[in-house]
Amino acid sequence: MLADYLKRGVAAGLVAGVAYGLYIVLVASPLLGAVHGLGGGHDSDHAHGGEAGHGHAHEAGGAHGHEHAEAVSETTAAIVSAGSGVLWAILLAGTFAIAYYLFEPALPGDVVGKALTLAAAGFFSVSLLPWLVLPPMVPGAEASLGIDARLATYAGLVAAGALASGLSLAGYRRLAAGGRYRAIALASLPIAVVVIAAATLAPSIVTQPAIAGDLVTAVQGATVLSQAALWACLAGCFAWFHRRAGNAGTDRLETDAASLPTA
Amino acid sequence: MTVAESDTVRNRVRIAQETMTPGQLAALLAFGAAIAFALVFVQEPLVHDSLHDFRHAAGITCH
């Protein structure tokens, strides 16, 4: 039963992961490479505001490419990054499938509606809310907190996002009978509260001294959109696999439930 | 079959607990833990730099 869901999740993750891996190779890697170039203080053709006078902190006025001693070549980095993009999608989709199995009865709508609701909750908790405090780091970013403190902050924000999503969902279920729009409005309150709290209360931890603001916004925008697309894609694929397995799945659920000792 | 009555989140947890062996549950947890660890927490320079583009593309916090 759960294994069936997980299987569909991993399959959906593979499909979404191939698309996402291609995105990393074809779009993200070249984009990040170009930004790295700008932050490194060369390639003046593309530099506008950010570059003049702002070299990479540890790379005073280098005349050519990556002096920023990296442990591996760019090709290796691109291949491994694409592979880990696929793994990332499989991880998200696998976790998504397990959560879908557990929360399927509590999610609103049909298969697609349930899958997209859960994906939205996942994207909000795993990415969107943490990014309000720790925005996606563009190469050259500097953080005022150490890595351990940032990982702890990140974990805390994921938990807060999951909690808010859960409250919101529970609220919607409770209020749905009294009118759909009112229920949606009231159910979005917990989300609004954590978003406003994260956006206003948190100090800014990450700064981008080396890169122009517009470019930072563009790279962050690409990150946000690509993660949103990844979630939408894996939810869509999962819903498709799930619906295709449709009747079989329900039969299995009934068999599993029937095989339980009656409580 | 009274799906409407019995299909609750609590029931799903119960079904999972009672139809899966502890070994399967452990494998499930390990699956999540292993990939999360590999992707997010590995700070070894060789691995970390290989994942460079991916981490930036995914907006993962560590750098």
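Glycine is treated like the rest: Cβ placed from N, Cα and C.
Here's what TrEMBL has on this protein:
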TRANSMEM  A:12-32  transmembrane segment
REGION    A:43-67  region 'Disordered'
TRANSMEM  A:85-103  transmembrane segment
TRANSMEM  A:115-134  transmembrane segment
TRANSMEM  A:154-172  transmembrane segment
TRANSMEM  A:184-206  transmembrane segment
TRANSMEM  A:218-241  transmembrane segment
Q: For the transmembrane segment (A:154-172), name the stretch out of A:12-32, A:85-103, A:115-134, A:184-206 with the most CB-CB pairs under 8 Å.
A: A:115-134
(Q) As a test: from A:85-103, A:115-134, A:184-206, A:218-241, pick the stretch that has the greatest number of Cβ pairs under 8 Å with the transmembrane segment (A:12-32). (A) A:85-103
Q: For the transmembrane segment (A:85-103), find every same-chain residue at least 6 residues outside the stretch whose CB is under 8 Å from a CB in it, and list them.
A: 1-2, 5-6, 8-10, 12-14, 16-18, 20-21, 23-24, 114-115, 118-119, 122, 126, 169, 230-231, 234-235, 237-238, 242
